[in-house]
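What follows is one structure encoded as structure tokens, with my remarks underneath.
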Amino acid sequence: MAFLETLEKRFRKYGIPNVTLYLIAGQGIMFMMGQANPQMLERIYLKPALVLQGEVWRLITFLFMPPTFHPIFLFFALYLFYLMGTALENYWGTIRYNLFLLIGYVATVAVSFLQPYSIASPAFLAGSIFLAFATLNPNFELMIFFILPVKIKWLALLTWIGYFWTMIVGDWLTRLLILASVANYLIFFSRDIWLRMRSGRWRMERQAKEFSRKNDAVHRCVICGATDKDHPELTFRYCTKCAGTPCYCQEHLKNHDHLSA
């Protein structure tokens, strides 16, 4: 997209390589600090009202909020985040991957200020990375519980269903946060989504035409209109003595007036 290419050129010198590792390291450190002093985590989450009171560090530190506080689940969550984030950076390049994160970050922070006394979570931002990875690698398999292989595209589908359901039952801030968190995904993949929709519609139209052709009658009696489709038990022949060699059913083949040119 021209918009993304323009941003890439403008922010090229500000690119941060391996930004995924920095985020993982920060979340790991905050997890350990939270285990030692749980009150420490109250100083890093994003609450816009506190930012307006001068605690501006929360605009950055909330990105390091651990996704879970169970050590085993945290390990796998950070591993998957590293795997997917690194794959996206290798595919897009450092600048474009940074822009993907930046757009999601700015949108999430901006929406959170609409209700300054609520706590904004970076969880939806991580979800956009998962959706982007699933879009680019739909057949990548994850071993659920180490025994059940599941293609990531199905997990992405469940994620979208969860988002849509939350949009229905959640409050307006939650809805806006979801939209903000997938804004980067929609910006980056809008062209691909449009092309897939067009391709899918063209494929459906082509299949409909092929199905229609398969269901068209091959033989039709010029007298009674019977066809091989409607009456598969009938035999149809073409009269070479008639002009244009018309088709007749077995009843009218020998009982008709020959057509002349």
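Every residue number used here counts from 1 along the chain in the order it is shown.
Heads up, the Cβ atoms here are built off N, Cα and C, so glycines get one too.
As annotated by TrEMBL, transmembrane segment applies to 19-36, 56-83, 95-113, 119-136, 143-166, 172-194.
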- prompt: Given pairs 6 or more apart, does the transmembrane segment (95-113) have at least three Cβ pairs under 8 Å with the transmembrane segment (143-166)?
  reply: no
Query: Residues of the same chain, at least six outside the transmembrane segment (56-83), with any C-beta under 8 angstroms of its C-beta?
result: 20-21, 23-24, 26-31, 34-35, 41, 43-47, 50, 105, 109, 120-123, 125-126, 129-130, 142
